[in-house]
Amino acid sequence: MSGTKLEDSPPCRNWSSAPELNETQEPFLNPTDYDDEEFLRYLWREYLHPKEYEWVLIAGYIIVFVVALIGNVLVCVAVWKNHHMRTVTNYFIVNLSLADVLVTITCLPATLVVDITETWFFGQSLCKVIPYLQTVSVSVSVLTLSCIALDRWYAICHPLMFKSTAKRARNSIVIIWIVSCIIMIPQAIVMECSTMLPGLANKTTLFTVCDERWGGEIYPKMYHICFFLVTYMAPLCLMVLAYLQIFRKLWCRQIPGTSSVVQRKWKPLQPVSQPRGPGQQTKSRISAVAAEIKQIRARRKTARMLMVVLLVFAICYLPISILNVLKRVFGMFTHTEDRETVYAWFTFSHWLVYANSAANPIIYNFLSGKFREEFKAAFSCCCLGVHHRQEDRLARGRTSTESRKSLTTQISNFDNISKLSEQVLLTSMSTLPAANGAGQLQNW
C-alpha cells in the first residue's frame, strides 16, 4: 500500500529488478550475444506477450474496471439526486466512491500494463503523478472509513457527547483530501524511472521501471513501516474496536435513550389498569416503542453494511500490505529462484486492491434498500432508453390499425348501447305494478 510498484498497494510499477532477472534468465547476462532485433523479439515472446493465465488476469481487470466505475458513479448519482439520502454516513460513502473512481481511472490501467509487460511505458512525469494519486486515494479511503466508524461510534455509543451534521461531514471530507495530498508528497519525490537494459536504452523502452530512489537504506524502511502503520494497521485496529462497541450496543445492550421494554426483546406493552379499549396513553406508548424499534432496526442495517465494507477492505489490502513490508523492510524477494510464484502473488494482490473498489457498490446494493432501489431505477432508465426507439416504431406501426379498430369498436359500442338501452327499458316496464302499467304506458 505504500506506493505504486507491484509491491505497493495498488502499485503501478514493476517489482522486478535487474539482479532478479540476471539470476533467473541467462539471456540477460550476455545481451550482446544476440542481434538487437532478435533480442527484442525474444523479450517480446518470453516476457511481454500475455501468457494463457495472464489473459485471465486481463479479463479480471476489465470486469473490475467496469463494475467499479459504473457502480461508484451510480452511488454518487443516487445521493446527489435524492435529498433524503444526503445523510452524514452517505456523504462519507460518496467520498469513498470518489476515491475508488480516482484509483480505478488513474492507476488500474497502468498497473495492468506493468503486471503484464513488466515495463513502465508512461514516462518520467507520470511515474511521479500516477503513484502519487494512487497513494492519495488509498489514504482518502482509509481516513474516510475511519471517519465513518467514528461517526457511528458517537451516534450509537455516546449520542450526547457529539452531534454529527451534514456540514461537519463535508468539512471532514475536505480535511481528509488536504491531509492525504500533503502526507503523500514524499511518494512523488522519490519516484524515478530507470532502465534494466542500459545497452538498449536508445532503441527500446522495454523493461523500464518506475521505482523509488532513496538516499540510503534506512529511509525506505522507516517510510514503509510508518506507511503500513498509518494507512492500514492503526486505523484498522481503531475501527475494529469502534465496531465491536457498536455491536455490543445494538445487539447486546440497551441503546441510550431507549426504553427497557425495547431492550427486553420488544415485548408488547400491557396497560396497568387493563381498560376495555386502548386508551390514549397506551397508544402513545405503543407508538413510541414502534419508533424505537424502527430506529434500532435501521441502525443495525447501517452498522451491518459498514462492518462488511470494513471487512472487505481489510481482506483486500492485507496481502499487498504484507508483501510490501516483506519486500521493502526485510529485503525479501530480491534474490529469489521462484520468480514466477512471487510475480503471481504480487499480481493477484494488485488485483485484490482494485476488486475492493468494485466490491463496495455491490455491498451497498445487497445491504442497503435505498441504494438498491436507486440502482434499479438507474438500470430501468437505461433499459427504457435502449428500447425507446423500438417502442416508438412499434407504436407508429400500430397507429393505423388501432385507429381502424377504434372506429369499428365505437360503431359496435353504439349498437350495443342502443340494444342495452332497449333491454333496460323493457325490463323496467315489465316490472311495473299492474295498477300503474296502463298509465305508465300511456304517459310514455
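Glycine too: its Cβ is placed from the backbone N, Cα and C atoms.
For 14-27, the entry in Swiss-Prot reads compositional bias 'Polar residues'.
Of all Cβ atoms in the protein chains displayed, 28 besides its own lie within 10 Å of the Cβ of Cys210 (disulfide bond). Annotation comment: Swiss-Prot describes Cys127-Cys210 as disulfide bond, evidence class sequence analysis.
According to Swiss-Prot, the N-linked glycosylation site annotation covers Asn14 (among others).
Per Swiss-Prot, the feature N-linked glycosylation site maps to Asn22 (among others).
Taken from Swiss-Prot, the feature N-linked glycosylation site covers Asn202 (among others), and the record attributes it to sequence analysis.
What Swiss-Prot records for 1-30 is region 'Disordered'.
Summed and averaged per residue, pLDDT over the region 'Required for response to orexin-A' (33-49) gives 70. According to Swiss-Prot, the region 'Required for response to orexin-A' annotation covers 33-49, on the basis of similarity to another entry.
Residues or ranges marked as site 'Important for responses to orexin' by Swiss-Prot: Trp44. For Trp44 (site 'Important for responses to orexin'), no same-chain residue that is 6 or more apart in sequence has a Cβ closer than 8 Å to its Cβ.
According to Swiss-Prot, the feature topological domain 'Extracellular' maps to 1-54 (among others).
For the topological domain 'Cytoplasmic' (76-88), the residues of the chain that approach it from at least six positions outside its boundaries are 94, 97-98, 101, 151, 164-166, 168-169, 370-371, 374-375, 378, judged by C-beta separation under 8 angstroms. According to Swiss-Prot, the feature topological domain 'Cytoplasmic' maps to 76-88 (among others), an assignment based on similarity to another entry.
Look at Swiss-Prot and you will find 111-127 (among others) tagged as topological domain 'Extracellular', backed by similarity to another entry.
The topological domain 'Cytoplasmic' annotation in Swiss-Prot covers 151-170 (among others).
According to Swiss-Prot, the feature topological domain 'Extracellular' maps to 192-222 (among others).
If you look up Swiss-Prot, you'll see 244-304 (among others) marked as topological domain 'Cytoplasmic', on the strength of similarity to another entry.
According to Swiss-Prot, the topological domain 'Extracellular' annotation covers 327-342 (among others).
Positions annotated as topological domain 'Cytoplasmic' by Swiss-Prot, on the basis of similarity to another entry: 367-444 (among others).
For the topological domain 'Cytoplasmic' (151-170), the residues of the chain that approach it from at least six positions outside its boundaries are 86-89, 91-92, 242-243, 245-246, 249-250, 255-257, 299, 302-303, 306, judged by C-beta separation under 8 angstroms. If you draw a 10 Å sphere around the CB of Cys127 (disulfide bond), it holds 24 other CB atoms from the protein chains shown. Across the range of the topological domain 'Cytoplasmic' (76-88), the DSSP-based residue counts are 10 helix, 0 strand, 3 coil.
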